[in-house]
Amino acid sequence: MALAALLIAVITLPLSSPARGELTIIEHPVEASRPLRLLVIGDWGRKGRYNQSGVAKQMGKVAEDVSIDMVVSTGDNFLDDGLASVDDKAFHESFVDVYTAKSLQKPWYLVLGNHDYRGDVLAQLDPALRNIDSRFICMRSFVVEAGNVDFFFVDTSPFQLKYWTDPGEDHYDWREVAPREAYIENLLKDLDTAMKRSRATWKVAVGHHTMRSVSSHGDTQELLQLLLPVLKDNSIDLYINGHDHCLEHISSRDSPIQYFTSGGGSKAWRGVFRPNDDKLEFFYDGQGFMSLEVDGDLARAVFYDIDGQALHSWSLSKSRRLQVDQPPICSCSSKIRSCSSNLDAKSIYAVSSS
C-alpha cells in the first residue's frame with residue numbers, strides 16, 4: 001500500500017467518542033513485510049523559536065533515512081498557553097509551517113500536556129483541525145493499534161493535584177474532566193480494560209508527564225501511585241513521556257519497564273540533574289528527539305540531538321529477553337560545558353554554558 005494511501009486510511013477512520021467505558025481505538029495500517037518506524041517529539045510548540053525549527057529539520061532528515069510510518073507527540077504541543085481557538089494562528093506557526101519535510105507528512109498522534117490545558121482544550125481536540133492539516137490526531141486518551149504494537153495514549157495532566165489545588169496565575173481548562181477523582185478512576189479502569197484486551201507483542205504507554213526523571217520536574221508521584229501499578233499489572237514494555245525538556249532513558253529496577261523521555265522539541269538546557277532510585281541509562285539536557293523501530297520481537301530506540309547526532313541507542317529482543325545496549329556517543333560542542341560518558345550507566349549529562 002502506498003504511503004499516501006496509508007495516511008488517508010488513518011485519517012478517515014471514525015474518531016468520535018466511543019461507548020462509555022471504552023477508549024477510542026485507531027487502527028494504523030502497517031506493511032507486514034517491514035518494521036514499524038516512528039519518531040517521538042515533545043514540548044515543541046514555540047512558533048519555530050528556541051531551536052524548534054532546527055529540531056524539526058533533523059527530524060525530517062532522520063524520518064527520510066529510515067522511512068517512518070508515524071510521529072508520536074508527548075504533549076505541550078502549543079506553548080505556553082495551548083490554542084485559543086480552532087482558528088488560532090499558532091496551529092500554523094508551531095505545527096503546519098514548522099514540520100514541513102515530506103518525510104514528516106505522516107499521521108501525528110498527540111496527547112495533551114499541561115500547557116495545552118492552559119488554553120482552549122476543546123479547540124485542540126476539535127477534529128476541525130484535521131481539515132487544516134490532516135496529520136494532526138489529538139485526543140485525551142486513546143489506543144493506536146499498529147501491527148504487533150499497541151500504543152496507549154494517556155491524559156496525564158489531570159493526575160497532577162497541584163494543577164487543581166494550587167494553579168497560581170495559571171488557568172486550566174477542566175471542561176469534560178472535572179471532577180478529578182471520578183475522571184482518574186474511570187480512566188484507569190478504561191486503560192486496564194484496553195491493556196488486558198491487547199494481544200500485541202509490544203505494549204507502549206505514552207503520556208506527557210514523567211514517571212521517572214532525573215531532570216527538573218523529577219518523578220511524578222501521582223503517576224507512580226496511580227498509573228504505574230496498572231502499567232506493571234498489564235506488562236507494559238515502555239513508558240514514553242515529555243514534560244522535562246531533555247532526553248532520557250531510565251530502566252526500572254523492579255519491572256521490565258523502560259522509561260523514555262523525549263521532551264527536547266524546543267526550549268531546553270535546564271541544568272538540573274537529580275538522580276532517582278531507578279537505573280539511569282542515559283541523560284542529555286538539550287534539544288532533540290527519539291526514534292523507535294519495532295520488527296517482530298525486536299525493538300530499538302535511538303536518541304538524536306539537534307545536529308542529528310545519535311547519542312544513545314537501546315534494543316531488546318523479547319523472545320530471548322536479550323538486551324543489546326550501545327555505548328553512548330558523546331560529541332561535545334561549544335554549547336556544552338561538560339559532557340561525560342559512563343559506559344556502565346550509559347549516560348550523557350550536558351549543561352549549557354549560558
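For all residues, glycine too, the Cβ spot is worked out from N, Cα and C.
Copied over from TrEMBL:
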type	residues	note
BINDING	Asp43, Asp76, His245	Fe cation 1 binding site
BINDING	Asp76, Asn114, His208, His243	Fe cation 2 binding site
DOMAIN	36-246	domain 'Calcineurin-like phosphoesterase'
SIGNAL	1-21	signal peptide
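When the alpha carbons of Asp43 (Fe cation 1 binding site) and His243 (Fe cation 2 binding site) are compared, the span between them is 7 angstrom. Taking the mean position of the Cβ atoms of Asp43, Asp76, His245 as the Fe cation 1 site, the remaining same-chain residues with a Cβ inside 8 Å of that point are Gly42, Trp44, Gly75, Leu79, Gly113, His115, Gly242, His243, Asp244, Gly263, Gly264, Gly265, Ser266, Lys267. Asp76 (Fe cation 1 binding site) sits 7 Å from His243 (Fe cation 2 binding site), taking the C-alpha atoms as the reference points.
On a Cα basis, His208 (Fe cation 2 binding site) lies 11 Å away from His245 (Fe cation 1 binding site).
Of all the binding-site residues given, namely His208, His243, His245, the one with the smallest number of surrounding CB atoms inside 10 A is His245.
For Asp43 (Fe cation 1 binding site), the number of other Cβ atoms no farther than 10 Å from its own Cβ, over all displayed protein chains, is 30. Fewest other C-beta atoms within 10 Å: among the binding-site residues Asp76, Asn114, that description fits Asn114.
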